[in-house]
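**Student:** Marked as Fe(2+) binding site by Swiss-Prot: H97, H99, E103, H141. Annotation source Swiss-Prot lists Ni(2+) binding site at H97, H99, E103, H141, citing sequence analysis. Taken from Swiss-Prot, the feature site 'May play a role in metal incorporation in vivo' covers E96, and the record attributes it to sequence analysis. Swiss-Prot lists D102 with the feature site 'May play a role in transmitting local conformational changes'. The site 'Important to generate the dianion' feature in Swiss-Prot is assigned to R105.
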Amino acid sequence: MSRLRIFADTNPATPEFDSRDGDAIAAELVKIGVTFERWHASAPVEPGATPEQVMDAYRADIDRISAERGFKTVDVVSIAPDNPKREEMRAKFLDEHFHKEDEVRFFVAGSGLFTLHVDAKVYEIECVKDDLIAVPDGTLHWFDMGPEPHFVAIRFFTEPDGWVGHFTGTEIAKQFPRYAPKKPHKAS
């Protein structure tokens, strides 16, 4: 389930806001220019689906947001816990950075943690299946896919080179807990 926690950037121990309600999450994030939506597939997406099948299942929403925001390119990224480069991929965006274009991701499966640093606040957003998040260009943030990443996401771009991370060199991301999603309990 999606979750938003908001902290003072000097106090990673105690959230000032904590909600799993999608409407409440969207209402808080829109205050800092971030879009948060819940989408639903027009067709089921099965494990192992091709990128084309994934995009076809969400075609109406992809077309709508691409037209609204001027996206020229859409792709699908899929990362599984057994990926031999998972640690390298996780480490790539764990430090505070920004991009020169909006960072827009729709989670088809799995989860990840976007953490935004805006106006002396830290917004920790756990995105899960059916969540769309659009982080405006220039927003300081970091992303954690967890130690055993599992997600499939549709990514939107206006310019392929605009998505390069520009790192700030600050240590703030290290002050906040890393993402450790709870594993589903197995029936005994």
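Note: Cβ is positioned from N, Cα and C throughout, glycine not excepted.
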**Student:** Rank aside, I only need the closest one: which of the recorded sites E96, D102, R105 has its C-alpha nearest to that of H141 (Fe(2+) binding site)?
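**Tutor:** Nearest by Cα distance to H141 (Fe(2+) binding site): E96.
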**Student:** Are there any residues in the same chain, six or more apart in sequence, whose C-beta is under 8 angstroms from the C-beta of D102 (site 'May play a role in transmitting local conformational changes'), and if so which?
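**Tutor:** Looking at Cβ-Cβ distances below 8 Å from D102 (site 'May play a role in transmitting local conformational changes'), excluding near sequence neighbours, one finds R69, A134, V135, P136, D137, F156, T158.
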**Student:** Near the Cβ of H99 (Fe(2+) binding site), how many other Cβ atoms are there if near means within 10 Å?
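**Tutor:** The answer is 19 other Cβ atoms.
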**Student:** Could you find out if DSSP has R105 (site 'Important to generate the dianion') as helix, strand or coil?
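**Tutor:** Strand, per DSSP.
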**Student:** According to DSSP, which of helix, strand or coil covers H97 (Fe(2+) binding site)?
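**Tutor:** DSSP call for H97 (Fe(2+) binding site): strand.
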**Student:** Near H141 (Fe(2+) binding site), how many other Cβ atoms are within 10 Å of its Cβ?
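**Tutor:** H141 (Fe(2+) binding site): 22 neighbouring Cβ atoms within 10 Å.
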**Student:** Measuring CB to CB from H97 (Fe(2+) binding site), give everything in the same chain under 8 Å that is also at least six residues away in sequence.
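**Tutor:** Non-local contacts for H97 (Fe(2+) binding site): L140, H141, W142, G165, H166, F167, T168.
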**Student:** Return only the integer: C-alpha distance in Å from E103 (Fe(2+) binding site) to E96 (site 'May play a role in metal incorporation in vivo').
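**Tutor:** The Cα atom of E103 (Fe(2+) binding site) is 14 Å away from the Cα atom of E96 (site 'May play a role in metal incorporation in vivo').
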**Student:** Around the Fe(2+) site (H97, H99, E103, H141), what further same-chain residues have their C-beta within 8 angstroms of the site's C-beta centre?
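**Tutor:** Output for this site, in sequence order: F93, F98, V135, T139, L140, W142, F143, G165.
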